[in-house]
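Worksheet: the structure to be examined is printed underneath.
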Amino acid sequence: MSSHNSSMVSKKEEKARNIQVVVRCRPFNAAERKVGSHSVLDCEASRKEVAVRTGGVSDKSARKTYTFDMVFGPSAKQIDVYRSVVCPILDEVILGYNCTVFAYGQTGTGKTFTMEGERSPNEEYTWEEDPLAGIIPRTLHQIFEKLTSNGTEFSVKVSLMEIYNEELFDLLSPSPDVTERLQMFDDPRNKRGVIIKGLEEITVHNKDEVYQILERGAAKRKTASTLMNAYSSRSHSVFSVTIHMKETTMDGEELVKIGKLNLVDLAGSENIGRSGAVDKRAREAGNINQSLLTLGRVITALVERTPHVPYRESKLTRILQDSLGGRTKTSIIATVSPASINLEETLSTLDYANRAKNIMNKPEVNQKLTKRALIKEYTEEIERLKRDLAAAREKNGVYLSSENYESMNSKIVSQEEQIAEFTEKISAMEEEVKRVSELFTDSKRELEQYATDLEEKQQLLQETHRDLQETKQKLCEEEYIVSELKTTEDVLYGTADQLLSTVDVSTSDVSGLHSKLDRKKNVEEHNAKMQETFASQMDTFFSQMQKSVEEQNLKHQGMLDMYRNSVDDLLNTNAVIFSNTISTVAKSFKSIKDLIGTGVSRCLERMLEQESLCQKTKNNLQHTMEEYRSGMEEGLLGQFLPGIRAVMEMNESLKRTMQSHFVLAGKMETMREEMSSFFRDHTQALSRVKEEAAAGICALQAEQDHLKRQISNANEEHAMGISKVILCLQNQLNLLSEETQKNFNGLLNKSDALQVSTSALQQSMQCTDVVESAALQQDKFERSADGLIAEMRQVAAEGEHILEESSEHCGYLRTEVTKMGEKTVQWCETTKASIDAFADGQLAFIGEDKSSAQGLQQNVEESCASCSQQLSGQVREQQAGTERALVVLKEQTHGDQATLLDHKTRLLIHAQEGLDKVLAFLQEDLKQDTPTGTTPQRKDYTYPRVLIKTRPRDELLTQFRKQQQELLAALNTCEPVQEEPVDQDSLEDDVMTSSSDSVISERSCIDDSIMCIESGRAPFFKSKKGFRKENKPSASFLDKSKMSENPTELTAARSKLPLRAQN
């Protein structure tokens, strides 16, 4: 079953596959930054493309694009390269394939860093966890991890050798120095493979042992410091890992599967001129370039499928024979630099890598060995070693077995035959040398004769050449003098042209300035005339306006006088009416007082007469009356006194209202002071109006005081009436209620009269507002007057509201008195029931009292009716007079308002006319100086002030001869460049790369901020302590001053090696 599977796999793998090629670009290093090199590479990892700009900085279209299997830019990490390239190959090694991974590229591009890596600073990571570790340590770590996790039985053998100067050395040999050269033979089992005789293969059991072995081998590897790399590898290293894995078939047969991985770190191609290699290092670089050149030829032959592939021309290509075109799975990691100074090497590396993509390998799984075959192979090896050991013990001959001795004899015979053949060739070559020496002697004799003739001809030629030089010298001197004269003449012509142009410009500027002055003069004359005309017009206009204002002032004074007379008449009439009313009321109350006094005296007499009768009932009624008195006191204190207090509070509110009237009067005075600044002619009229308003307010205050006294008198009369009610019982209560009602009606009438007076004062204030609205600032004054009117109306409304509240409280008192009367009637009925037994004797006396009280009541009613009629007539007369005065005042106000509006309209018309005239004067009459754009600006005239004069002829000749001597001295110091012989291959390579010698690349989109920090760094398995750089000059390898002074020396020092040798 296993044999069937292996045959299926082998058939499947018979199909050829291309070599995997990967390109990795390193970041800029400090040296490249220092020389100002720019990037020429664009790495597109997603598209797997590398674009090289070959046209320089100015030519962006010249690009050369390569496509590879994978592309890693400067920012790629070690782990990324390992996972993408080596991880798949490692799985195939475990399956039983032979695989090879080798790094190829210019020196200093990161081959050893990719394969081995570096240790992190301070060694803070372990071998397997170091992020800077390369492919080799990571591969060995994963090999042990995979094989251990699979649980299979395995063994791992490693070997490490280097190819230094085309010699093989074992880096894992037990000896401390690597001096023993290894021999290489063809593998009889694999026609394309080789066997390295004496190569040490060490079996390792864990990864730690591998790291120690690698560190020991890396310490023995040849490295040196050059100008391009501080740790330049001077040899190719081949690290081989052979894995033997044990498998068991279904039949129980044990098989051994073999997988091999070759990790090759090639030395970098090197330009000797740039790296500074000399002597030993130069020979090392030559051998490295030679082996890499052979590798390139092998790649070219494989791609072009030529019949002969030169594997045997180099030991490197012989070792890699199976990896290139054989049965091995191969991956090439091409490392390049992005710097423009390495453009040629980068292009060469990418070209070879691009060619290597086309190499076809046919990978095959290694044959699985059975246990028997493996034991047989080991047995044969043991037997051979035993024979050698037995011969050494028996000291038979040279301590060799007979078979080895026979083989050595046969080899000696063949060598003797070769020696005889070579001896015959040497004799033939000696005869040829003798014949050639004779020909050389004849040729030498002829050459001496030709040399003598040549010297004579050269002397003649030198004399002719001297004559020619003298003639040329004179001619050159004359040409130099003529050229100096012509230069001076051209300069003078240019100076004359500049002077003439300056004169033209200045002349035109002067004419432009004169034109500007004429325009200015005309404009100023015109504006002076228009100013005189405008001044006369405005004088006439303002005189007319002043007359109009004076006329209007006179009219306003007349209106104010009329208002003052009307208000005085109205106040006089009201004063007469008020005095008459007061006298009538006084007479009425006096007559009523007399009648009441007479009736009271009669009642007292009657009461004295009845004292004897009442004495009997006194004791009975005293207790009852005492109870009634206490109830009445509680009723009066709880019901009447709050009403009286409310009336007093209303009086206080009326007082506050009058005070607000005084505040309003103060505001009106403030307004009068503000308006006096604008209307000085109206000051007297406004003061009269203020005095009249103050007089009206005083009259209102007096009226309020009078009402207050009447209310207090009514309260006293009410109290007396209550006492009379207590004494005179029910009849007196009725009379008292009627009197109280009349008094309150009188109070209401007085309040109405007060309201009429307030409205009249408000109308007077409105008239004042109309008068004041005639000012030029009418709007502001009307707003202020409206505010005052609103406040006055509010005050009047508050007075009306207070009067209404007073009326309500009076009604409430009347109601309470009525209720008290009803309660008294009830009490009287109760008392009457209790004293019915005593009232029969007094009925006659009470009847007489009743008749007398009725007479008194009738007399009081008649007196009050006559007084009321007189008061009503007087009030009606006063109201009619007031209405007539107000109608006249209203009509006059309407007429004045129309007059004011007319005057306002005329003033507005006059003001608009004046404004129109001012605008016409400023916009139309005044003439402006319009810029024409022709006036020249202030500027400085620049013109030459010194004329150039040609130097004397002798001075010119002296300068010319001095220049000629300096030029000849410079030419004599130049040394001819000696050409070196170039072989045919070098000529071919120079022809192929000549087109790219002068290419200057431009900057690319590679992140220039990424740099390689090379100071203090060492390869992964190298120690950083105590290394010494070799071949490092004392000065910088890029001395710009020396390069600029000796360009010929730089040209002569350029390397003549072919491109492939340099790469």
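Placement of Cβ uses the backbone N, Cα and C atoms for every residue, glycine included.
On the 0 to 100 pLDDT scale, the domain 'Kinesin motor' (18-359) averages 82 in the predicted structure. Summarising the annotation, TrEMBL assigns domain 'Kinesin motor' to 18-359.
Around the Cβ of Thr112 (ATP binding site), 30 further Cβ atoms fall within 10 Å across all displayed protein chains. Taken from TrEMBL, the feature ATP binding site applies to Gly105, Gln106, Thr107, Gly108, Thr109, Gly110, Lys111, Thr112.
Here TrEMBL flags 368-478 as coiled coil.
Residues or ranges marked as region 'Disordered' in TrEMBL: 1024-1063.
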Legend entry - Neighbour tally for Gly110 (ATP binding site), based on other Cβ positions within 10 Å of its Cβ: 23
Inset, instruction - Measure from the Cβ of Gln106 (ATP binding site) and count the other Cβ atoms within 10 Å, all protein chains considered. - result: 26
Inset, instruction - Measure the Cβ-based neighbour count of Gly105 (ATP binding site), defined as the other Cβ atoms within 10 Å of its Cβ. - result: 30
Inset, instruction - Based on DSSP, name the secondary structure state of Thr107 (ATP binding site): helix, strand or coil. - result: coil
